[in-house]
Amino acid sequence: MNHMWKFSVRRMLIIIPQLLLLSLLVFLMAQAMPGDALTGQINPDLDPQEMQEQREELGLNDPWHIKYADWITSAVRGDLGQSFQFKMPASELIWNRMVNSFWLGVATLIITYLLAIPLGITSGRFNDSLLDSSITGYTYIGFATPIFIFALVMLWIFGYQLGWFPTSGSVAPGSDPGTFEYIVSKINHLLLPAISLGLITTVNTVQYLRSEIIDTKQKDFIITARAKGASESRVYNRHIFRNSLLPIAAFFGFEITGLIGGTVFVERIFGYPGMGDLFIQSVLLRDYTVVTSVVLLFGLASILGALISDIILSLVDPRIRIK
Amino acid sequence: MEKKNEQEYTEQSGQTSKANEDGLSILGRELIRDKVALISLILLIVVVAIVYGTSIIMDKDEIVKVDLFAIHEPPSDEFILGTDYGGRDIFGQLIIGTRNSLSVAFLVTLMTGLIGVIYGLVSGYYGGHVDNAMMRILDFFLILPFIMVVIVFVSIVPKYSVVSFSLIMTAFLWMGIARLIRSKALQERELDYAQASKTLGSSNIKIMFKQVLPNLSSLIIVTMTLNLAANIGLESGLSFLGFGFPESTPSLGTLVSYATNPTTLEDRWWIWVPASVMIFVLMLAVNNVGQALKRATDARQRRG
């Protein structure tokens, strides 16, 4: 247990330089982008002299390290600056989108694991059977299909041709928050994007689980369990699955980084108002405060995801701690 | 997710380094024995030959010329695959787009391979504090949200071109292969041959690049093949979002992106389906070849 704490503390210390580097990178990106807080509010009556004074007042002429310090202190307080386009605080704009993206992420993860666990287990248990070849074939195709093409095809078939799912938005217009219809409509809008993303992201986990089970099958403790007369189902349910599922559970934090990339495409294609969609929209509108804020938040999410996974992994696999 | 695959890979190939005396010829032999991979390889060679061959004789200006009298034409004798919203020939764009997408994917794969191999070799070979510091830097790159960081750079780089696009992609994609090479280099440097060479007074550079590197060649080829497939997907994905190839340069992702218009998605299949199929076939074929090579480097899975 002592090792465990040491590892966790050491691992948590690593995120300090990571956060610092991330914030510096995002800050430099923001500096490299054309325009500043005043560009959006150009008032034709304002003469250049006054503009200069305002710039001075807002600290836009300060040296970079002071600007960085100002920016990071307000970011920590939750003030991410003003959106040029929507004339409202970026944090407010992001909040609603973040909730939508969060639910999309949760739904995708649920679908990913709902598919991966039975498929991976079947494939690993009956390896080299016809069933295994079909599942492996599916993972090969999944690896070769970019999410944006798959999502388009899903939208085409289930959204337009069959009309089973809505083709854009996150909720039917006119439904009141809190009502039963509202929740149903939310889920209905969520399902097709989540299924599309889940069907592709799951192939990694299926492959991993399969090879994990095939490896475990030949280990000594499994042979011992069989020799002691444990039934085949007991061997699988109690010994093999438990051993193979733990690392899968631990990888869920890393999954977050992968999901972020996927949501950009899926939200764009299904017109789902989440952070990924907001990001692309803001880049196109040159709304740079929003752009940098989104990158910062997604970076933060990946850092935390990796942290969670590393700590769970060290719980599961003592070899990692001893290093 | 990459982490899992690499880990799995390292485990599998752990035993092969000894029997590596002619690693490359084993790769070749296994590839020919594997029917799916062989068909994929032949298909790839045919596509590459057609695409690079015909794009030389094609008149590029003719293809990207806007023709307002031929907007959204369905496939016909004049336009084999119809036209887009500017009356431009889809078939020509498909050929040139495939060539452009493949070229960038090749370039990015080579550049990330070069950076990754050198970075991984140095980090793994020296070990200790050097390795520790280099791995922390790598970890940082790994947590960056790739798509978004690339999009931001694409939108702020002045005089944006195909070259700057490839460089931006490379800057955030070298980590996977670097980590893999590093973990192998850590093992290799402990082996007798490396230790003996060191005792005999060989320079570190010589041991790294002349002695350790050749032993990792099959690993590098496998990883770069799989990366090539991934890079085709990433490039077309970025072009799909509008942050890949500069405007007016035909690319597969741009053709697919026309399908974000519901009318095109439903009624004008000839614009987006051929490009989608092309991306899928290219990625599947390259992946098949890569997976076959990967199996070939694993003595346990080799067919004999």
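Just so it is clear, glycine is given a Cβ too, placed from its N, Cα and C backbone atoms.
Taken from TrEMBL, the feature domain 'ABC transmembrane type-1' covers B:98-290. The transmembrane segment annotation in TrEMBL covers B:36-58, B:104-125, B:137-156, B:162-181, B:212-234, B:269-293.
Remote same-chain partners of the transmembrane segment (B:36-58), defined as residues 6 or more beyond its termini with a Cβ less than 8 Å from a stretch Cβ, comprise 92, 95-96, 98-99, 102, 281-282, 284-286, 288-289, 291-293.
Against the transmembrane segment (B:104-125), the recorded stretches B:137-156, B:162-181, B:269-293 differ in Cβ pairs under 8 Å, and the greatest number is found for B:162-181.
Listed by sequence, the residues of this chain that lie at least six past the ends of the transmembrane segment (B:137-156) yet keep a Cβ under 8 A from its Cβ atoms are 119, 123, 165, 168-169, 171-175, 178-179, 234, 237-238, 241, 243-244.
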